[in-house]
Amino acid sequence: MDTEYGGKFNLNEDNEKEIYTLVGMNNEGELINWMRYSLQSGDYSIIDEYIEKKLIKFMYNDGKGKIIHISELLKIRQIQRLNQIKKGKGKNFSSNIENKDINELNFYGKNQNNIRKALKMIDGEKGDAKHREIIWKLEERGFIGETIIGVCMLKGSPIHCLLAKRIVKRFPKLVNDFMISEEYYGLSPLHQSIINDNLEMTYFLLKNGADINQRCYGAFFSTIDQRNTRWDNINHEYVEMSLDTNYEGKTYMGEYPLSFASSTNKLDFIRLLRAFKADPIVKDYNGNTPMHMAVIHEQGEAINLLYDLGGKLTITNKLNLTPLTLSAKLGKKSIFERIINLERSIVSKHGNFNSFSYPLVKIDSIDQDTGKINYESALSLIVYGRGQKHLEMLDGLLEELLKAKWDSFGRRKLIKSFIFYFIYYCFFVVAFISRPGITLYDTCHSESSNTILNKSEINNEDKLINFTTRYDNFYCIRFIFELLVSSMALIQVILEIFDLKHLGFLQWWNIYKAFPEKLMYKVSLIMILIMTKLRVLCYFGKNTTTIEDFLGIISVLLTTINFLFYCRAIKYVGAFVLIIYDIIAKDMLRFIIIYSIFLIGFSQAFYILFTGCVIADQKQNNRTHICDEDIYKKIDTNKNINDYFTNIMCRPHESILRLFIMTLGEFAKLYSEINNCPNIIFSVIGKILFFMFELIVSIMLFNVLIAMMTRTYESVESTNNEYKRQLAKVILATEVSMSSNERKLVMLHYSKPIDTNRRKRAFIINKKGNFNESKSKYNLYSNRILLEKRLKKIKQTKENNYEL
């Protein structure tokens, strides 16, 4: 029998397991039948005796258990993972277990050296345990590695829970015997009781010694994107996985029982586990605490309760994310607001208004200690987030913070940057428009007769750089402005190199990839410097001027596009900059792909058609092949040009260009030549192709493009916060260009010190008073009273009511 998530657990290929004859999954089984009899008759001696005699053979050392090295348990996980790979359900994994025979799994529990018991003591209390105590025999477990208690908890009905209690009373060590399989490894009865929402069973297990720190490593409880990156290491029991994850997965609940309760918002379970000393800051493999898990599953009430019971909001996971920044990364607005409200403090009260202080340590993009850019801050994660959820978070605290940044330094820095760029652009334009356009001689080679952009009327000895031999103001102005443009471009490139060295290429790219216009502008600066080098190399090659002119054309376009960067900060224009990028990157790209397919296909069809018409024309009129470009050289001047068939698609690439021109509306020439084709059949076929192309491409595809662009425009235009995001990106990009000391200085303008510690900064917001906090405190107090009553009632419950 195959399990749902892996291969057969029993390596002996047994098709039936005796454990399911004791407790079946359909309310059947020998123990279930005897338990029903005991409940009806009130005589529990039979079921107790049956448990004593029947179950003891399924356990090691008559229920006392034995110590097994973790390598033998890891081997089971490896085998099942290998079975998944063979079935195409997973990727290859790396195994650190070597020189082990798989057949040894069939002989667990036999000939075990007693030295293993001593090795448990060697492991000690610190570090990763190398041995585990196993009670239920491995070869006698269920298909997902469960014990008899695990089978009862899987069903979770009242009669199964009563049976599980009686078994635990007789064999107490079974309370911590966990599932051993790839999908459910480490799942204990305590985890199962929390999943089953059985508070009374959870309390029973805890009272009977359930391990409150038991970890569940099963693939079923991993994030979706980590399930195919799991591998084992013989040095520890937990599973290693790739840390690059988005934390998606409804069954990812954080390994520990308290994390399970936090992920499912079971408040009473959280209180109960904390009463039994569960650690509120314990971390799973991803470094996520129960507080992190409550954030991932958007359990706001659990966050408040954990915080009140000792949870910490400052602990980071392995991606350096606190619960606050994790909520920002995942775009969970309600959780983000709840956490910042927990962290804030009231500074003062004035009538109906309150002043709240929000610590900036994980909110602001500027590190308050070093002045460096904090890329894991809530502001950075939200501003550079791609989803609509992140856009909706740019209000409240973050909106006020961005306004403060804009007023304190953003506006001034942006205007200063724009003035410098505008001056550079004016110099750039003057340098190019001062190039002579009616010259006859090449500045590099006066003997050349080719006409190119970079020419002058001076002799080979009187090149631009030697203009001092002639007192010509025109060339003097051109030289001065080209020198200024080259110098300014060189300065900007040097400053950019310093930023790149300081930030690192990865961080630099992550910042500027959000500004395509900035990247293109920086490319234009490099082109300007290359053009300067080509001017010097002008003496050594006659083609350098052509290359220089080509780079000049591209740099003019790329430099001008940088105006779009400054348009982002304009309220009613910034959103349209994003619309342009979205249309080009998404709509136009998809249209070009589809349009190119039809264009290439129809163009070659027309090329073959016109080739057939040429052959027919040669046979009928006995004249040579006439192309469009030499028609006036070969036709009879006494006849009308339109009476001749002219091949306007002499070459395959020309046919593509002709059809492209036709899609822009110039189709009269093509239709006229199709009509003049001497072969009537080809002429009819050509007209059919013409109408098909016009219908499919010129009408349908272009209207589809218009519809796609309209949808993109409406989706962006309907978003009110898009302007805020564009302005925020401009502000954060401005921060990158500042030094660390300058950032720390500007931070003093929009933040206030926290108490007497002036190094810790906070942001002050004045709000109208409300009673939400007092109500939440009252509800928390009421919940405490309710929990105390429930625990007292459980303790006072008579044992005979449960027939334990």
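Glycine is no exception: its Cβ is also placed from the backbone N, Cα and C atoms.
Worth saying up front: this structure is predicted, and the values here are computed from it rather than measured.
Annotated in TrEMBL:
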| type | residues | note |
| --- | --- | --- |
| REPEAT | 185-217 | repeat 'ANK' |
| REPEAT | 286-318 | repeat 'ANK' |
| TRANSMEM | 414-433 | transmembrane segment |
| DOMAIN | 478-719 | domain 'Ion transport' |
| TRANSMEM | 479-498 | transmembrane segment |
| TRANSMEM | 519-538 | transmembrane segment |
| TRANSMEM | 550-567 | transmembrane segment |
| TRANSMEM | 588-610 | transmembrane segment |
| TRANSMEM | 680-706 | transmembrane segment |
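Taking every listed stretch (519-538, 550-567, 680-706) in turn, the largest tally of C-beta pairs under 8 A with the transmembrane segment (588-610) is reached by 680-706. Through the fold, the transmembrane segment (550-567) approaches residues 414, 417-418, 421, 425, 428, 432, 453, 515, 517-518, 520-521, 523-524, 527-528, 530-531, 534, 573-574, 576-577, 580, 730 of its own chain, all at least 6 residues removed from its boundaries and within a Cβ separation under 8 Å. This prediction places the mean pLDDT of the repeat 'ANK' (286-318) at 92. Here the repeat 'ANK' (185-217) is broken down by DSSP into helix, strand and coil counts: 16 helix, 0 strand, 17 coil.
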